[in-house]
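Engineer: Per Swiss-Prot, region 'N-terminal SAM-like domain' is recorded for 6-170. The region 'Linker' feature in Swiss-Prot is assigned to 171-223; the stated evidence is sequence analysis. Under the heading region 'Fe-S binding site A', Swiss-Prot lists 236-252. The [2Fe-2S] cluster binding site annotation in Swiss-Prot covers Cys236, Cys247, Cys250, Cys252 and is backed by sequence analysis. According to Swiss-Prot, the region 'Fe-S binding site B' annotation covers 275-289, on the basis of sequence analysis. The feature motif 'Cx2C motif 1' is assigned by Swiss-Prot to 275-278. Annotation comment: Swiss-Prot describes Cys275, Cys278, Cys286, Cys289 as [4Fe-4S] cluster binding site. Summarising the annotation, Swiss-Prot assigns motif 'Cx2C motif 2' to 286-289.
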Amino acid sequence: MADLGVKAGDKVLLVWSQPSSPTTLKKLAESLGAMVGTDGRVSLENMERLIMSSHAASSYDWVLSSLLSDSFSVHTSETLAEMARVIKPDGKLVLEEPVTGTDDQKVRTAEKLISALKLSGLVSVTEVSKEPLTPEAVSALKTFTGFQGNTLSRVRMSASKPNFEVGSSSQLKFSFGKKTSKPVDKPALDPNAAKAWTLSANDMDDDDVDLVDSDALLDADDFKKPDAASLKAPSCGDGTTKKKKACKNCSCGLAEELEQESKGAKTISQPKSACGSCYLGDAFRCASCPYIGMPAFKPGEKIVLANTGLNDT
């Protein structure tokens, strides 16, 4: 136990579990008592009664669990959380537990044990050592948990509690005073760099470069506005041999022209009359109405009148 680092004046909680030899447990407790001296204290607690004992929070410098070679224990998440609660800030937890090399529901791997220790609020979790279980411990473990694998070993883990209490808070100091910003010294502007950005094509003194004047690329005809007829393709809307038809993506105006002609062709001249009620029937027609005797018709319907009906007597 000398390699644990327990020193005089420390308060140690020794957690044991079944099966444990009373002689071995007493010997370990006496050895720890000699290390802590009269100023320290060594308390013994059975793991099954650890939570029910309600130890004071942050009251132990050390929690040593299942370190007896003739016993074993699987630490639950509740047990680990209780151990973390009773440890002082910066206190240590050292435990031993059987682990397996493959994932199993009854015995966890060393990686999952490390994860469980971290989830309980402990930090600096390290694997100190790993050794095979004794045949007696393997038999007892299989009887206790029902585990039937053969990849069992005993691992010792060390962890620490952070140097603050779980759930503790501290006030953050903020300065809300108006801060005067110091003037930032801008780098000096390099005249040559500025000149490089202001160069134009005319400033380049290079006889090997033949520059083209963009204004000389256009002549007077290029500035004339074209008429609609010149924009049409040679065969666009040629009605001499076939019906006029605009291109799919017509942009010369023929499509709009044909659309207007189509609308005009569909317009049907309405029957003209003085009263405007001739289409309703004889009950609404005048005595001299040319539609007398004809059935009612729809507005806009083309009606052909007999020549006799238009003769005046």
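Placement of Cβ uses the backbone N, Cα and C atoms for every residue, glycine included.
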Engineer: Is it possible to list how many residues within the motif 'Cx2C motif 2' (286-289) are helical, extended or coil according to DSSP?
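Structural biologist: With helix first, then strand, then coil, the motif 'Cx2C motif 2' (286-289) has 0 helix, 0 strand, 4 coil.
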Engineer: Cys252 ([2Fe-2S] cluster binding site) to Cys278 ([4Fe-4S] cluster binding site): how many Å between their Cα atoms?
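Structural biologist: Their Cα atoms are separated by 45 Å.
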Engineer: So among the binding-site residues Cys247, Cys250, Cys252, Cys278, Cys289, who's got the most Cβ atoms within 10 Å?
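Structural biologist: Going through Cys247, Cys250, Cys252, Cys278, Cys289 one by one, the largest Cβ count within 10 Å is at Cys278.
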Engineer: Considering only the binding-site residues Cys278, Cys286, Cys289, which residue has the minimal Cα-Cα separation from Cys250 ([2Fe-2S] cluster binding site)?
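Structural biologist: Considering only the listed binding-site residues, the nearest one is Cys278.
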Engineer: If you draw a 10 Å sphere on the Cβ of Cys286 ([4Fe-4S] cluster binding site), how many other Cβ atoms land inside?
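Structural biologist: There are 13 of them.
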Engineer: Return only the integer: C-alpha distance in Å from Cys289 ([4Fe-4S] cluster binding site) to Cys247 ([2Fe-2S] cluster binding site).
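Structural biologist: Cα-Cα distance, Cys289 ([4Fe-4S] cluster binding site) to Cys247 ([2Fe-2S] cluster binding site): 50 Å.
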Engineer: What Cα-Cα separation, expressed in whole Å, is found between Cys278 ([4Fe-4S] cluster binding site) and Cys247 ([2Fe-2S] cluster binding site)?
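Structural biologist: Per the Cα atoms, Cys278 ([4Fe-4S] cluster binding site) and Cys247 ([2Fe-2S] cluster binding site) stand 45 Å apart.
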Engineer: Roughly how many Å lie between the Cα atoms of Cys286 ([4Fe-4S] cluster binding site) and Cys247 ([2Fe-2S] cluster binding site), rounded to a whole value?
Structural biologist: 52
Engineer: What does DSSP call Cys278 ([4Fe-4S] cluster binding site) in the simple three-state scheme?
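Structural biologist: In three-state terms, Cys278 ([4Fe-4S] cluster binding site) counts as helix.
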